[in-house]
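Worksheet: one structure, shown below.
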């Protein structure tokens with residue numbers, strides 16, 4: 001790993017001269033980069049917007065919005081729903097100007113939240129230390145744009161960035177952002193767990209999050225949908241192994257090699273590709289208990305590391321990375337947008353300490369690039385068992401395992417021996433609200 005990091009560092013050092021680095025740390029350059037990237041996104045989406053169509057998961061979101069606003073059938077209230085009830089808010093907001101402008105409003109929401117995330121990462125251009133993180137986030141957004149612009153993760157990810165940056169100096173605001181993100185998609189709960197385990201403002205976060213959650217539950221109860229409040233949990237329990245999940249990789253190879261009884265098939269009920277074969281059902285049943293067992297182990301490791309670590313913000317971020325990556329690696333369900341669960345934590349880590357976080361940053365850019373190659377570019381060959389496409393999937397999933405191992409090893413070393421504190425790094429982070437999580 002160190003050789004790989006040093007090699008990338010050398011290449012970047014040769015490309016980014018001091019003058020170029022100063023140019024990239026200019027607020028004007030960052031603003032132009034942000035606007036240029038999102039203009040590129042808008043240009044790519046323009047044919048879809050002008051014809052009133054939608055892409056990705058948005059056709060399904062638009063149907064749900066129309067069912068609620070036109071037919072008074074509310075997902076998560078009148079019927080069981082695969083998402084937490086908070087996901088209704090952006091899904092309905094995108095339909096505020098009618099179904100024909102759904103794609104445009106979704107893009108506007110994504111751009112606005114990305115702008116806020118970049119602004120908070122850099123303290124609205126005043127903190128030069130946050131520019132690397134902002135550029136990392138923009139680069140990753142570009143690499144994963146085929147899914148990031150068309151999924152709920154494109155909205156929840158910047159909320160998590162803002163919440164992690166603000167958790168020390170504005171714990172109530174941070175808790176509100178993280179709780180909102182969790183009620184849109186479940187994965188930010190892993191970030192909240194890390195904050196509650198070792199964060200210094202855990203009480204404020206817990207109370208604020210609890211009050212917001214209680215308010216949401218009360219609103220759903222008043223609407224008559226309390227029986228479906230946890231439906232997003234139960235609806236996932238009987239899923240089979242999904243094609244792109246890391247655990248599924250051996251069965252994908254077996255299916256490609258024609259192993260008897262092993263096949264890649266379409267689950268029409270939930271519109272996804274799954275894999276069956278010898279032992280696949282057992283693996284699917286075992287993954288959720290295994291995931292929670294590993295999460296419990298990481299939680300204990302965090303508590304042990306808390307006694308030795310002098311850099312509390314680093315510990316929160318490392319814990320969040322380990323927990324979120326566990327959500328991805330040990331999940332029987334796997335989708336390309338899951339990479340947007342991990343990248344926000346890495347972005348805030350880069351803002352906190354570039355030297356410590358450059359390895360996961362490089363890994364995430366590679367993982368993002370491979371993910372886009374897998375979906376949408378080579379997805380059909382993958383479904384049909386093409387060896388090259390499966391090799392890409394195997395490499396991507398292998399890098400995810402490496403990232404999980406890196407984060408757990410970092411926590412393990414901290415728990416055993418402690419980590420040396422860097423006063424300058426803590427002071428720099430403290431001025432931005434990161435050092436006293």
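Note that Cβ sites are derived from N, Cα and C of the backbone, with glycine treated the same way.
If you look at the transmembrane segment (30-50), the same-chain residues 6 or more away from its ends with a CB under 8 A from one of its CBs are 24, 101, 103-104, 107, 111, 114-115, 118, 122, 125, 131, 134-135, 138, 141-142, 145, 149. The feature transmembrane segment is assigned by TrEMBL to 30-50 (among others).
Sequence-distant neighbours of the transmembrane segment (100-121) (same chain, 6+ residues past either end, Cβ-Cβ under 8 Å): 30, 34, 38, 41-42, 45, 48-49, 52-55, 58, 61-62, 65, 90, 93-94, 130, 133-134, 137-138, 141, 148-150, 154-155, 157-159, 161-162, 165-166, 344, 347-348, 351. Annotation comment: TrEMBL describes 100-121 (among others) as transmembrane segment.
Same-chain neighbours of the transmembrane segment (133-152): 24, 30, 33-34, 37, 40-41, 44-45, 55-58, 61, 83, 87, 90-91, 106-107, 110, 114, 117-118, 121-122, 161, 184-185, 335-337, 339-340, 343-344, 346-348, 350-351, 361, 364-365, 368-369, 371-372, 375-376, counting only residues six or more beyond its ends whose CB sits under 8 Å from a CB of the stretch. Under the heading transmembrane segment, TrEMBL lists 133-152 (among others).
Nonlocal intrachain contacts for the transmembrane segment (172-198), taken as residues 6+ away from its ends with a CB within less than 8 angstroms of a stretch CB, comprise 83-87, 89-90, 152-153, 155-156, 159-160, 162-166, 204-209, 212-213, 216, 232-233, 295, 299, 302-303, 305-306, 309, 312, 315-317, 319-320, 323-324, 326-327, 338, 341, 345, 437. The transmembrane segment feature in TrEMBL is assigned to 172-198 (among others).
Look at TrEMBL and you will find 205-229 (among others) tagged as transmembrane segment.
With a threshold of 8 Å between CB atoms, the same-chain residues lying at least 6 positions outside the transmembrane segment (280-303) that come near it are 190, 193-194, 197-198, 237, 239-241, 247-248, 251, 262, 315, 319, 322-323, 326-327, 330-332, 408, 411-412, 415. Per TrEMBL, the feature transmembrane segment maps to 280-303 (among others).
Long-range Cβ contacts of the transmembrane segment (315-332) within its own chain (Cβ-Cβ under 8 Å, at least 6 residues beyond either end) map to 164, 167, 187, 190-191, 193-195, 197-199, 239-242, 245-248, 283-284, 287-288, 290-291, 294-295, 298-299, 301-302, 305-306, 309, 338-339, 341-342, 345-346, 348-349, 352, 357, 360, 397, 400-401, 403-404, 407-408, 410-411, 414, 437. Taken from TrEMBL, the feature transmembrane segment applies to 315-332 (among others).
What TrEMBL lists as transmembrane segment is 362-382 (among others).
Taken from TrEMBL, the feature transmembrane segment covers 388-412 (among others).
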